[in-house]
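Participant: This structure is in structure tokens; I'll ask about it shortly.
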Amino acid sequence: MKRTVEISQKAAHLSVRHKQLVLKHEGELLGQVPCSEVGVVVVSHPQATYTHQALTNLANEDAVVILCGNDHQPLAMLLPLSSHTQVVWRLNDQVAASQPLKKRLWKQLIVAKLRAQACALSPSQPAHKKLLALSRQVRSGDTTNVEAQGAKVYWANWLNADDSEALDSEPFRRDPKSSGVNGFLNYGYAILRAAISRSLVGAGLHPSLGLKHSNRGNMFCLSDDLIEPFRPLVDIRVREMYRQGYEMLNQDAKSELLRILLDNMTAGGLSCTVTSAISTLVSSLVSCFEGNSKTLAIPSLPPADC
């Protein structure tokens with residue numbers, strides 16, 4: 001199981017010794033971990049420093065380094081160039097994927113997202129049944145934008161403690177540009193995005209070539225496609241934290257959100273971690289691009305959350 005390393009409390013210096021990632025602060029050893037065991041490094045302390053060797057060793061082990069800005073939100077990612085032996089053939093298959101195929105795959109992702117959103121709400125809420133009904137209305141490519149209809153219902157009921165709350169109530173407004181609870185959501189999504197990008201690159205795919213997302217300024221369009229069914233995991237965790245009284249995106253809050261990668265999901269009837277579920281999904285996407293399958297192996301929330 002790959003580990004996540006976070007640097008936020010002290011201005012740590014990252015170096016490598018005997019293939020171990022070494023973290024020190026003013027000469028004091030803070031910790032060390034084999035580079036081969038690191039999957040993600042999150043750096044949010046403004047005075048953290050690194051050696052070139054530390055970054056290249058992490059890249060050699062297919063680790064992702066996330067750099068956070070002054071607002072402690074992820075600002076940039078250092079991704080390794082693919083070491084996959086079939087990268088050229090994989091990229092050719094990815095580029096050659098037909099529009100009908102991409103539309104069918106996008107439909108599968110949105111159906112799974114809507115069902116996961118329904119699972120994130122109480123079964124006694126009208127919104128739960130509404131989201132399940134919407135999931136059955138999604139067409140290839142989601143040409144009628146059922147995803148947006150579901151988002152309106154979902155976010156209007158996401159924080160409700162009263163299961164009988166009306167579908168059109170609006171106690172919470174999802175705004176990626178605002179702070180507070182929205183900042184918690186942004187941070188959690190960024191962690192998932194990094195993990196998905198890492199898995200895509202490791203499989204020989206390019207994260208900028210999306211199924212649906214196609215913004216020229218977005219280097220992670222495919223990552224943003226695949227993240228959709230996973231978003232409710234973050235939503236559930238952030239809602240729990242909100243109810244527990246978390247107000248600031250501090251060290252404790254970020255550590256709690258980082259643990260999402262170790263949460264359980266269900267894939268093929270079996271329980272697995274989010275990290276494993278991402279790997280399975282990416283592998284199934286490769287099979288679809290190669291023409292060996294028409295269906296993505298999309299994980300679902302565990303039965304306890306549904």
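Backbone N, Cα and C define each Cβ position, glycine as well.
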Participant: Given that TrEMBL annotates His213, Glu228 as binding Mn(2+), state which candidate in Glu61, Glu147, Glu290 belongs to that site as well.
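Facilitator: Between Glu61, Glu147, Glu290, TrEMBL records just one in the Mn(2+) site with His213, Glu228, namely Glu147.
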Participant: Other than Glu147, His213, Glu228, which residues of the chain come within 8 Å of the Mn(2+) site, judged by Cβ distance to the Cβ centroid of those residues?
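Facilitator: What remains near the Cβ centre is Trp106, Leu109, Ile110, Lys113, Asp142, Lys212, Asp224, Asp225.
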Participant: Taking 10 A as the limit, how many CB atoms besides its own sit near the CB of Glu228 (Mn(2+) binding site)?
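Facilitator: Summing over all protein chains shown, Glu228 (Mn(2+) binding site) has 22 other Cβ atoms within 10 Å.
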